[in-house]
Number of protein chains: 2
Amino acid sequence: MLHLNVFLFGCGHHRAAWCHPDSAAERLGDIAWYESLARTAERGKLDAVFFADGHSAGAFGMGSDGPLWYLEPLTMLSAMARATERIGLVSTVSSTFFTPFHAARMLASLDHISGGRMGWNVVTSMFDAEARNHGFEAMPDHAWRYARAEEFVEAVLRLWDSWDDNALIVDRRAGDYVRPGAVRRIDHRGEHFRVDGPLTVPRPPQGHPVMFQAGASEQGRDLAARYAEAIYAVAYDLPSAQAYYRDVKRRVRAAGRRDPVPIMPGLVTYVGSTEAEARAKQAELDALLPTESSLRQLQTFIDQDCMDWDLDAPVPPLPPLDAFKGPKGRYATILRIIDTERPTLRQLLGRLAAGGGHCTMVGTPEQIADRMEQWLREGGADGFNLMPPSLPHSLDDFIDQVVPVLQARGLFRRDYEAGTLRGHLGLARPVRKT
Amino acid sequence: MLHLNVFLFGCGHHRAAWCHPDSAAERLGDIAWYESLARTAERGKLDAVFFADGHSAGAFGMGSDGPLWYLEPLTMLSAMARATERIGLVSTVSSTFFTPFHAARMLASLDHISGGRMGWNVVTSMFDAEARNHGFEAMPDHAWRYARAEEFVEAVLRLWDSWDDNALIVDRRAGDYVRPGAVRRIDHRGEHFRVDGPLTVPRPPQGHPVMFQAGASEQGRDLAARYAEAIYAVAYDLPSAQAYYRDVKRRVRAAGRRDPVPIMPGLVTYVGSTEAEARAKQAELDALLPTESSLRQLQTFIDQDCMDWDLDAPVPPLPPLDAFKGPKGRYATILRIIDTERPTLRQLLGRLAAGGGHCTMVGTPEQIADRMEQWLREGGADGFNLMPPSLPHSLDDFIDQVVPVLQARGLFRRDYEAGTLRGHLGLARPVRKT
């Protein structure tokens, strides 16, 4: 059984999606727009909707040529919880910029509001511009951020456990609202935080809102192995997905855990009734890309002048990875795209503008279902975090055309069987640690 | 014209309200319960609903003999915004525990979600138990907190002004989402914060969500005079309300401001078709008070043994204020209640258990409207922050019985004339500071 989340992002994950005449570019501040997307995802019986988060305008490749950023995710998800009934709701929360008490309280509150459907994707944040909005001179280094993240997670989990599940007795005659001894301080003292507790909110319906992680670095994978209950991954193709999958599942077992920890790589899809129609949808978005700024961006990625290259000719050969002096990750992705897809320059710009290093599947519902099934059966994924290149169209296409094929093959639920996100993901409700 | 807010708090402001057989004590974690209260308030055309906030379980007199605390207000208000159409939504936000960027972003997001109906009540927080949930060893001193609050407010206002009102142009052909130069950094550097900006959210529909303040101290009054657009006050009777009103309006003028700055003292009401019926409602709640713990609390307030006093006999005379060595504020209130109401011991415990030093009005709708009108006409108030002793009953009584009398007298709106909280309160939309 696949798990499917959808990563909602602006007008879609394609950087030029907002320029499409049908885009909702004017509605990015309109909560009804997000509610309608959540209802679409719920119609498709998806496990969850997911929001990334950034603390500076222009983070995550959003910039002056497109939407900078929009509503704050925790406040959005409360409204979206009331517009839906079953689908999970996952927000990114930065352990670098929040205190554990704020995070634990808001997430617990949202878990009550949504009736047990909240998840939190723990990130340590990355940009100096974000740090400078919260009092830092620059982003603290990676090791410091991960040490803080681990202490942050520990404190949050203990705050959620500071109330017994059955703490509320509401005995009007005796005058006892809470069972004596059922709400306790946690007295956390660590390197980064002092948190006495208890939390101001009773234990969440799920015990703990589901913890997601998306770390790709060594420290990120270790944090995920020890704490994450579900993982968002980046995998360009099946071999790289399999390598990541094996590594993280091994780390989870090495950490002594038996939880399923579903791994969901990001997935960009263009769906058509024929492969040609699907490719035409992709080309339509690619054609909206601002050529000059896209070329300038590519120039920084590959560290050579490409402003005069022919947009509709194949990308010329690039030097091998070893010879490249800049950041290797993205350059390796570009080499692989060129190697496997033989794209024109315009097609390469389009691929980089929609999901970057994530997997892209273009084709008929059956073709896409085939590849998803292969990833599932061959140890590359337990599901996918859908990254629709345009909203609502790419999401509608997936829900209306691909989901029925997956359902017919018995690979995806026909209806919700559980009432909580934890239930959708097959995760046990955590017992309170005493 | 009166302004009426309602301060939603647990099962009501009477400490024993949860023990009433009809109370919603089991529903304090149920967002539908808060939505229904907001709809009731909207039915009565009130200006706004308001939540206090505390960062420790048991703050604000909630304790082991009653509800400790519940859902987090910013997440609650997002859902409540979607359950209502016109009423304002005010959340307390602590300047001691948030960063300006978090506060500005969440409040701006909520102002977009609610279509311009958000307000924020700036507090500096007060309890050591709260500070110890956010990394402090103890609550920082009063002067430090107010200095931080002032810098916090300045940074938040500048973040809201970091986007021009017409920043979004969404020109698909030109590829311009934002008007060039319409989104700017603020580069705030102060004693307490570094905030580069810009905000990640476009300027709120109201320009700035409405700023409320409730400070009673010298520094609190000065902060209110310089920044507050509406004020929640504490006034036991009309003379003390008039003294506060005169003082704060004078400070507002001295700060060079011409805004109306409506002042709304807290108001506890017991409404009945006869005065006797109203008094019976009050007595019914008072009878639910746990005698022993209430007496023990009174003992600390008056610093003498009262455990053996007769509950149904008048309170014996107490030493004058000058002779009292403990905290004077509450003791002065107790002396005034004894002096003006000649209560039995049980009645005194009830008065202290519902709103403490706030004004209490008990009577028929006409009697209560008379007194509210007197406060309005004689310079004691521009409106009231209703503190229903029990929910939903005391709120229903006020909305269904007192509001129509106020409307018939032309003292309160028959329907909303504005779509924003700012509009309800008669406040101008702030022009962006350049």
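Every residue, even glycine, has its Cβ placed from backbone N, Cα and C.
Binding of FMN is attributed by TrEMBL to B:D53, B:T92, B:H142, B:Y146, and the same site annotation extends, among B:S23, B:S217, B:S240, B:S273, to B:S217. Each residue in the domain 'Luciferase-like' (B:34-382) has a pLDDT score, and their mean in this model is 93. Secondary structure at B:D53 (FMN binding site), taken from DSSP and collapsed to helix, strand or coil, is coil. In this structure, B:S217 (FMN binding site) belongs to neither helix nor strand by DSSP; it is coil. Binding residues for FMN (B:D53, B:T92, B:H142, B:Y146, B:S217) extend across at most 19 Å, taking the greatest CA-CA distance. Following the DSSP three-state reduction, the secondary structure of B:H142 (FMN binding site) is helix.
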